[in-house]
Amino acid sequence: MNKKPIIAIPMGDPAGIGPEITVGALNKKELYDVANPVVIGHGDMLEKMLPVMKADLTINRITTVDEAMFEYGTIDVIHLDNLNVAEVKMGTVQAQCGKAAFEYIRHAVQLANDKKVDALATTPINKESLKAAEVPYIGHTEMLADLTKTEDPLTMFEVHSMRIFFLTRHLSLKDAIDQMTKERVHDYLLRCDKALEKLGVKERRFAVAGLNPHSGENGLFGREEMDEITPGIELAKKDGINAVGPVPADSVFHHALNGRYDAVLSLYHDQGHIAAKMTDFERTISITNGLPFLRTSVDHGTAFDIAGKGIASTVSMEECIKLAAKYAPHFVTA
């Protein structure tokens, strides 16, 4: 019996690089050694990308996961007939593409909710195309949260052996600092610990990054560490969380990459993003925690400027599928 996890891959915005990186990734036999991938998309669009990606593959249009072959050389696609492929102009914002991209995701979510697939590995969508289609979301995370009735999903990056969580995300630095309260640090460490537990990570050693130079150096360069961050860490430790810090941001990610910590809690968006993407831009993969299913995602956009040219790297998509396959057997929904 084939026990490899079934990974659903929504095709993304048809006018972006989603279809071609999907084809390119599934042209790698090693992916089929660890996963059973099934695409949710439009078979004609994938077929159009075969010569672009120089892929000698067959497109198997299906209506249910049970019909999938899960064999290298064949791309199984749950074909949604929701797109006029002849009118798709690569690299442009189009309402039909935004609508189709949303419908691929919605279908994948339903499959996950029905336990037909073990995880989602998502490809890029475009905010402007969604808006043109009057789809009321700005991105995947908000969409998935609403479709699953999940409040405040938690984002984690993984690159090589390093995991990074984010205390704040899309805020100005000034506003992010205002959010760095001891209560928030405490709450997020509890949530991060639960997230890793759900992924099957047994040992969970956390480091919290510092905000100021040298983590403030006892108030010499700022009091945020003394007044908020350290007290928040201490509250988490009282609840049994294995956490240290604040550790100066110029060294904490280096130590995590070398195995001293199992995860870092980054305080603001760019602090963690820079660390991850300087380590390996293409292999930085996002995991959305807090959903009722496992979801991994490439951490790049639709790349309209190169879409349809066959030059987009497939490395991130490959890593996205591999990471979903890595964690899916251990993922706990409760």
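Going from the start of the chain as shown, residues are counted 1 onward.
Even glycines carry a Cβ here, placed using N, Cα and C.
Remember, predicted model here, so these are calculated numbers, not experimental data.
These features come from Swiss-Prot:
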| type | residues | note |
| --- | --- | --- |
| BINDING | His140, Thr141, Lys277, Arg295 | substrate binding site |
| BINDING | His170, His214, His269 | divalent metal cation binding site |
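Just so you know, of the binding-site residues His140, His170, His214, His269, Lys277, the Cβ with the fewest other Cβ atoms around it within 10 Å is the one at His170. Each of the binding-site residues Thr141, Arg295 was assessed for Cβ neighbours inside 10 Å, and the highest tally belongs to Arg295.
A Cα-Cα distance of 12 Å separates His170 (divalent metal cation binding site) from Thr141 (substrate binding site). Arg295 (substrate binding site) falls within a strand segment according to DSSP. Put simply, Lys277 (substrate binding site) is 22 Å from His214 (divalent metal cation binding site) when counted between their Cα atoms.
For His269 (divalent metal cation binding site), the nearest neighbour among the listed binding-site residues (His140, Thr141, Lys277), judged by C-alpha distance, is Lys277.
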